[in-house]
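Enquirer: Here it is: the structure, laid out below.
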Amino acid sequence: MKKYLIITYGCQMNENDSEKISGMVEELGYSRTEDEKDADLIIMNTCSVRENANNRFFGNLGNFKKLKKKKPDLILAVCGCMMQEGHIVKKIKEKYSFVDIVFGTHNISSLPSLLEECDAKRKLIVEVLEDSDKLAEGLPVHRQFKHKAFVSIMKGCNNFCSYCIVPYTRGRERSREYQNILSEVRELANDGVKEVTLLGQNVNSYGKNLDDPVPFAKLLKMVSEVEGIERVRFMTSHPKDLSDELIEVIRDNPKICRHIHLPMQSGSSRILKLMNRHYDKDTYIKLVKKIRREIPDVAITTDIIVGFPTETEEDFLDTLDVYKKCEFDTAFTFIYSKREGTKAAVMDGQIDEKTVKDRFDRLLKLHDEIVLKQNKKYLNREVDILIDGKSKTNDNVLTGRTSSFKLVNFTGKGETGDIVKVKITDVHTFHLSGEVIE
Ligand code: 5AD
Ligand code: SF4
């Protein structure tokens, strides 16, 4: 039996695409391996959101050159966001011509026919589409977990935040018909899935381009009503589009998880304007306060970029100030990375490395303090945990998440996919500890 290895970089959207790619190649008769030496087909699903993901990809790709020499029949396919960038495909053609197949984000469903073509021709095949109206429905899926699943509800992004490559690599925003989403969720529930995570670059604008528009809040409610589904998560919310209706739907529906990921990117109104985010410091803080008032047990997490072009010390202090005022449960912090083709890449005032590093370290220090303070609120509380399995480092410890997405390691009885009551006995910056009480 032929074997395939898939390597995925980047976000959950890419993880979800990789699950579909895996499902398709398994239908062709390949079985999965984690060992590159065993593989007859290696697929690399790439990410372009920041420079270091690009570098890691090219580093790994370079290493496969030797393998390919030893095993000339090995098929090497590269796909994902980076392949939507012309200069990357050019580089592959020129310097990495041992690659067999290049395809993009809009045509993952073409992989079976590209593999067939590759078998026949044995030379580099490139098929990258600029954009696509179509959303492939009903692709086979190899899911990573039995008890939880990703469901992408839309693709693309129309926001053109000035630092971001995504609108160029994932194309224009398109929503799936809600009927298709619901039937996928029903199938997952029949298959034993307890938790679904609805994915989109900007879920709050879901449904706007459908013939029969359906607001995201309504979709969320419908998904949470599917029998067998115990928890519904979603990502990512854009602060400019988060409606009061959505806050109410979350508040009134215990199956919808108490977690909102709300990227702020910067605390400075001046930088937010340059980023093309369509909100300012005050509106963002007010939104967070409103969410916390309406849904008291909610966790709010965020994304922050440090060192956007022209960022001054004063702008950075605004970011720290918003962090303090919003008391995030956690944050993903990034150093600004210049992406070719974006508006920010040609802005004057790129910030020097030393200044950025200093700001980044100060942000991390505040982050750790506030995250720990937020986690301390959980001490001695009883929480429901969906069990993800055994801890990687200790077989006697189980691990799972609260509705608010806090990672909890705990002792007691339970199986993967069970929801158990756990009492929190200790807290740390990156996880909570506890024991099953029921
Ligand atoms: N540089 C640094 N971080 C970026 N992100 C997106 N583009 C860039 C960039 N050019 C971050 C944003 C986004 C997250 C997914 O990645 O914070 O929310
Ligand atoms: Fe990028 Fe902004 Fe779209 Fe998010 S909303 S994918 S940051 S352009």
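Even glycines carry a Cβ here, placed using N, Cα and C.
The annotation domain 'MTTase N-terminal' is assigned in TrEMBL to 2-120. The [4Fe-4S] cluster 1 binding site annotation in TrEMBL covers CYS11, CYS47, CYS81. The feature domain 'Radical SAM core' is assigned by TrEMBL to 143-373. Sequence annotations record features per position, and here TrEMBL assigns [4Fe-4S] cluster 2 binding site to CYS157, CYS161, CYS164. Marked as domain 'TRAM' by TrEMBL: 376-438.
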Enquirer: Other than CYS11, CYS47, CYS81 themselves, what residues in this chain have Cβ atoms within 8 Å of the centroid of the [4Fe-4S] cluster 1 site's Cβ atoms?
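Expert: Near the [4Fe-4S] cluster 1 site, beyond CYS11, CYS47, CYS81, sit TYR9, GLY10, MET13, ASN14, THR46, SER48, VAL49, ALA53, GLY80, VAL166, THR169.
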Enquirer: Measure from each Cβ of the binding-site residues CYS47, CYS81, CYS157, CYS161, CYS164 to the atoms of ligand 1 and list the residues where some distance is under 6 Å.
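Expert: CYS164, by Cβ distance under 6 Å.
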Enquirer: Take the domain 'TRAM' (376-438) and count its residues per DSSP category (helix H/G/I, strand E/B, coil), listing them in that order.
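Expert: Taking each residue of the domain 'TRAM' (376-438) in turn, the totals are 1 helix, 32 strand, 30 coil.
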Enquirer: Suppose we draw a 10 Å sphere around the Cβ of CYS164 ([4Fe-4S] cluster 2 binding site). How many other Cβ atoms does it contain, all chains included?
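Expert: A 10 Å sphere around the Cβ of CYS164 ([4Fe-4S] cluster 2 binding site) contains 22 other Cβ atoms.
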Enquirer: Counting each residue once, how many in the domain 'MTTase N-terminal' (2-120) are helix, strand and coil under DSSP?
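Expert: Counts, helix then strand then coil: 66 helix, 23 strand, 30 coil.
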Enquirer: Have a look at the binding-site residues CYS157, CYS161, CYS164 and say which one has the shortest Cα distance to CYS47 ([4Fe-4S] cluster 1 binding site).
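Expert: Out of the listed candidates, the nearest Cα belongs to CYS164.
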Enquirer: If you count other Cβ atoms within 10 Å of each one's Cβ, which of the binding-site residues CYS81, CYS157, CYS161 has the most?
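Expert: Answer by Cβ density within 10 Å: CYS81.
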Enquirer: Of CYS11, CYS47, CYS157, CYS161, CYS164, which binding-site residues come close to ligand 2, meaning Cβ under 6 Å from one of its atoms?
Expert: CYS157, CYS161, CYS164
Enquirer: How long is the line from the C-alpha of CYS161 ([4Fe-4S] cluster 2 binding site) to the C-alpha of CYS81 ([4Fe-4S] cluster 1 binding site), rounded to the nearest angstrom?
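Expert: Distance (Cα to Cα, whole Å): 17 Å.
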Enquirer: Across all chains shown, how many C-beta atoms besides its own are within 10 angstroms of the C-beta of CYS47 ([4Fe-4S] cluster 1 binding site)?
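Expert: Step by step: centre on the Cβ of CYS47 ([4Fe-4S] cluster 1 binding site), count other Cβ atoms within 10 Å, giving 22.
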Enquirer: Within 10 Å of the Cβ of CYS11 ([4Fe-4S] cluster 1 binding site), how many other Cβ atoms can be counted across all chains shown?
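Expert: Other Cβ atoms found within 10 Å: 18.
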Enquirer: Determine, for the [4Fe-4S] cluster 2 site, the additional residues of the same chain whose CB lies within 8 Å of the mean position of the CB atoms of CYS157, CYS161, CYS164; present them in sequence order.
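Expert: Once CYS157, CYS161, CYS164 are set aside, the remaining close residues are ASN159, PHE160, TYR163, ILE165, VAL166, PRO167, GLN201.
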Enquirer: Could you tell me the C-alpha distance between CYS157 ([4Fe-4S] cluster 2 binding site) and CYS81 ([4Fe-4S] cluster 1 binding site) in angstrom, no decimals?
Expert: 13
Enquirer: Express the distance between the Cα positions of CYS81 ([4Fe-4S] cluster 1 binding site) and CYS164 ([4Fe-4S] cluster 2 binding site) as a whole number of Å.
Expert: 12
Enquirer: Could you state the CA-to-CA distance between CYS11 ([4Fe-4S] cluster 1 binding site) and CYS164 ([4Fe-4S] cluster 2 binding site) to the nearest Å?
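Expert: For CYS11 ([4Fe-4S] cluster 1 binding site) versus CYS164 ([4Fe-4S] cluster 2 binding site), the Cα atoms are 14 Å apart.
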